[in-house]
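Asker: Quick one: structure below, then a few questions.
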Amino acid sequence: MRTSRVVHVVSCHAEGEVGDVIVGGVAPPPGETVWDQSRWIARDETLRNFVLNEPRGGVFRHVNLLVPPKDPRAQMGWIIMEPADTPPMSGSNAICVATVLLDTGIIPMQEPITRMVLEPPGGLIEVEAECRGGKAERIRVRNVPSFADRLDARIEVEGLGTITVDTAYGGDSFVLVDAASVGMRIAPDQARDLAEMGVRITRAANEQLGFRHPANDWSHISFCQFTDPLSERDGVLYGRNAVAIRPGKIDRSPTGTGCSARMAVLHARGRMKPGDRFVGRSIIDTEFHCSIADEVELNGKRAIRPIISGRAWVIGTKQLMVDPDDPFQNGYRLSDTWPMDL
């Protein structure tokens, strides 16, 4: 076969959300920190387009690039590439990356528990993997500091009028809205409508509220998280959510950074404290088991350290290639599957 490059990928999903992992064929990008490297990837776009655009990718796909860690405490660094963003952190992608590292032997597995430190762009995370029979069966992530930003803010949204929302950060930035308050249900047959409405709400929140992280230059709201009311059983809170990811899709997983952001809001409202547990349930009924590890301060801002726990499965391996004569070496996007006007 004729090809000008070969990129080695292990395909994976965490509780339904695709998080492929590049394990070879791509050199680490320039940058003194993993954050700097992620900004280079975001600006350059060459790799993003190659792996995310059709015919190799699609709006449903996230791709993670393994890089050598910059912090000596970490065993591996990685950069997350999502359809619209190159974010600081992702819970489902962290679970995919940890699973791939262990299941493929890149990092040696220790049964029954393997502990490691990983370095996404947003800061170090501690990982504990339950392992059995050569498989990482469940990944527990101690996430980056997470915080509520605005509570009960009011914004104007086209087609909805004035709505009340919260904004928060859980490794990425969210606007949170009660699904019923905007006439929506969190159900598979509502996914298209949730995605389209969520992108509109995200745009309005960015225009009218904005966001700025106190310790890095992340300065926009990435996602809209629709929530259903909480229930409680045996002291554990349960809550369904659906996160609309730009340019217009719904996360299949419960969204680890979204669960972290929701717990930060619940903590700010006095509904959760360190040690309390929360189970986030996705639109396809998969779950992340979460809790608040402790309270921290982030450049003067009150924050929490969330814990996210979930499962991932390796579903394949592949080699991405490009023929020198291929007219679509950087891929393409069409609005039938990649919304462009939301």
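Each Cβ is built from the backbone N, Cα and C atoms, and glycine gets one as well.
Annotations for this protein, taken from Swiss-Prot, read as follows:
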- Ser90: active site, proton acceptor (ACT_SITE)
- Gly91, Ser92, Asp251, Gly256, Thr257: substrate binding site (BINDING)
Asker: Counting across all protein chains shown, how many other Cβ atoms sit within 10 Å of the Cβ of Ser92 (substrate binding site)?
Answerer: 31
Asker: Counting other Cβ atoms within 10 Å, pick out the least crowded of the recorded positions Ser90, Thr257.
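Answerer: Counting other Cβ atoms within 10 Å of each of the recorded positions Ser90, Thr257, the minimum falls on Ser90.
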Asker: Starting from the Cβ of Gly91 (substrate binding site), draw a 10 Å sphere and report how many other Cβ atoms land inside it.
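Answerer: For Gly91 (substrate binding site), the 10 Å Cβ neighbour count is 34.
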Asker: Taking 10 A as the limit, how many CB atoms besides its own sit near the CB of Asp251 (substrate binding site)?
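Answerer: So the Cβ neighbour count for Asp251 (substrate binding site) comes to 28.
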Asker: Is it possible to get the count of other C-beta atoms within 10 angstroms of the C-beta of Gly256 (substrate binding site)?
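Answerer: Result for Gly256 (substrate binding site): 33 neighbouring Cβ atoms inside 10 Å.
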Asker: Can you name every residue in this chain, apart from Gly91, Ser92, Asp251, Gly256, Thr257, with its Cβ inside 8 Å of the center of the Cβ atoms of the recorded substrate site?
Answerer: Ala14, Glu17, Ser90, Asn93, Ala94, Ile95, Gly171, Val243, Ser253, Pro254, Thr255, Gly258, Cys259, Phe288, Ile308
Asker: How far is it from Asp251 (substrate binding site) to Ser90 (active site, proton acceptor), counting Cα to Cα, in Å?
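Answerer: Taking the Cα atoms only, Asp251 (substrate binding site) lies 12 Å from Ser90 (active site, proton acceptor).
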Asker: Could you say whether, by DSSP, Ser92 (substrate binding site) belongs to a helix, a strand or a coil region?
Answerer: helix
Asker: Rounded to the nearest angstrom, how far is the Cα of Ser90 (active site, proton acceptor) from the Cα of Thr257 (substrate binding site)?
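Answerer: Rounded to a whole number, the Cα-Cα distance is 6 Å.
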Asker: How far apart, in angstrom, are the most distant Cα atoms among the substrate-binding residues Gly91, Ser92, Asp251, Gly256, Thr257?
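Answerer: About 12 Å separates the two most distant Cα atoms.
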Asker: Roughly how many Å separate the Cα of Gly256 (substrate binding site) from that of Ser90 (active site, proton acceptor), to the nearest whole number?
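Answerer: With distance taken Cα to Cα, Ser90 (active site, proton acceptor) is 7 Å from Gly256 (substrate binding site).
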